[in-house]
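Asks: Structure below; questions to follow.
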Amino acid sequence: MIGEKKKRIGLIFGGYSNEHEVSISSAKTVFQAFNSEINKKRFKVKSFYIDKYGDWLDNDLSEKILNDEIKSNNIKKQEIVNQQKINFLDGIEFQNIDVWFPLLHGLNGEDGSIHGLLQYTRKPIVGCGILGSAIGMDKIMMKTIFSNLKIPQVNYLAFQNEDLDDREVKKKVINEILKKLNFPFFVKPSNSGSSLGISKVINESEILQSLEKAQKIDSRILVEEGLEVREIECGIIGNSELLTSEIGEIKYESDWYDYDSKYYSNNKIIIPAEIDSKITKEIKKIAIQSCRALNIFGFARVDFFLEKSSNKILLNEINTIPGFTTNSMFPMLWKASGLNIEQLVAKLVDISLDL
């Protein structure tokens, strides 16, 4: 509308996380979408880059990263001093924000910590709240809730660091895994994303190394049985009413859908997925049911397995801040559903304002 004041968007990216670089890539896509011809009439973006040490940097340096004028790993300490780090608690840099758009993937962001901090500003936040974010980040807690709801999943076991304290205890854990799960299986940190820290285990000799690898990232470890499956994904947006996107399938060239496959491989994306209409309907139903159960709203991506031998639907996990990179499934799903990236980011802001 003529004369309507532009909404000031606080775009937060980077972060003290193993998924730092993915966050930057996502933020670049969203930044460009907000600065498109159609959106720059409605929105003005102020960027906040959080470096790998957790320091907040001001808009000028943040925009240079988003515009590829400088690489995040080339920022010198002197530049940070000259630009002056931002103290969030001072509030000076944050007073003129109307809506927050956090794009921090992984720990110290997607786990609800950034949402809790931003609530102190009393401004709307794109995405879900603290509870849904925290549960969505913790695979073990998430799967426990899904189990209580009787939603089908792959067989799994969960362990704590104290379960792996010494050699004898580790032997008991390995024996339990061998007794209850069939090869292959996947060992995962409970709190991690983008397949970081995950190992595919095909024989007994690999178990201990995979457990120790996961321990380096998190103190809680998930072990899931591997099946012959198709990777199916569904996008969710909304608040009181959750909308589902088209269903998509990812076909990858590697042995499994690891970090490199997600971000550096030429995967085949099929949207809509070539599956039966009844299965599509059931996947969408479970996607909404699972988000409601975890108090997830705003936007999310719900990941499923479809067992090849039986077409059985298995819920995998929910990502509360899915990737927005050029290779990311979430924006592709919504583009196929009638919302291009420019429309999508605007829609997500509108959803946050409706809360």
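Glycine is treated like the rest: Cβ placed from N, Cα and C.
Okay, so Swiss-Prot annotates it like this:
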BINDING   178-233  ATP binding site
BINDING   Asp303, Glu317  Mg(2+) 1 binding site
BINDING   Glu317, Asn319  Mg(2+) 2 binding site
DOMAIN    143-350  domain 'ATP-grasp'
Asks: Rounded to a whole angstrom, what is the C-alpha distance between Leu178 (ATP binding site) and Asn319 (Mg(2+) 2 binding site)?
Replies: 29
Asks: Per 10 Å Cβ neighbour count, which of the binding-site residues Lys213, Arg220 ranks highest?
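Replies: Ranked by Cβ atoms within 10 Å, first place goes to Arg220.
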Asks: What whole-number Å value do you get for the CA-CA distance of Glu317 (Mg(2+) 1 binding site) and Ser192 (ATP binding site)?
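Replies: Cα-Cα, rounded: 12 Å.
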Asks: Express the predicted model's confidence over the domain 'ATP-grasp' (143-350) as a mean pLDDT, rounded to an integer.
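Replies: Mean pLDDT for the domain 'ATP-grasp' (143-350): 90.
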Asks: Between Phe185 (ATP binding site) and Asn319 (Mg(2+) 2 binding site), how many Å separate their Cα atoms?
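Replies: About 21 Å separates the two Cα atoms.
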Asks: For Asp303 (Mg(2+) 1 binding site), which of the binding-site residues Ser199, Glu206, Lys213, Leu227, Asn319 has the nearest Cα in space?
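Replies: Closest candidate to Asp303 (Mg(2+) 1 binding site), judged by Cα separation, is Asn319.
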Asks: Given a separation of at least six residues and a C-beta threshold under 8 Å, show me what packs close to Ser199 (ATP binding site) in the same chain.
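Replies: Same-chain residues close to Ser199 (ATP binding site) (Cβ under 8 Å, separated by 6 or more) are Phe186, Val187, Glu206, Gln209, Ser210, Lys213, Ala214.
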Asks: Just name the most isolated of the binding-site residues Leu178, Leu227, going by other Cβ atoms within 10 Å of its Cβ.
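Replies: Selected from the binding-site residues Leu178, Leu227 on minimum Cβ neighbours within 10 Å: Leu178.
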Asks: Which of the three DSSP states, helix, strand or coil, fits Ser192 (ATP binding site)?
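Replies: Ser192 (ATP binding site) sits in coil per DSSP, no helix or strand.
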Asks: Would you mind reading off the Cα separation of Leu227 (ATP binding site) from Asn319 (Mg(2+) 2 binding site), to the nearest angstrom?
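Replies: About 21 Å separates the two Cα atoms.
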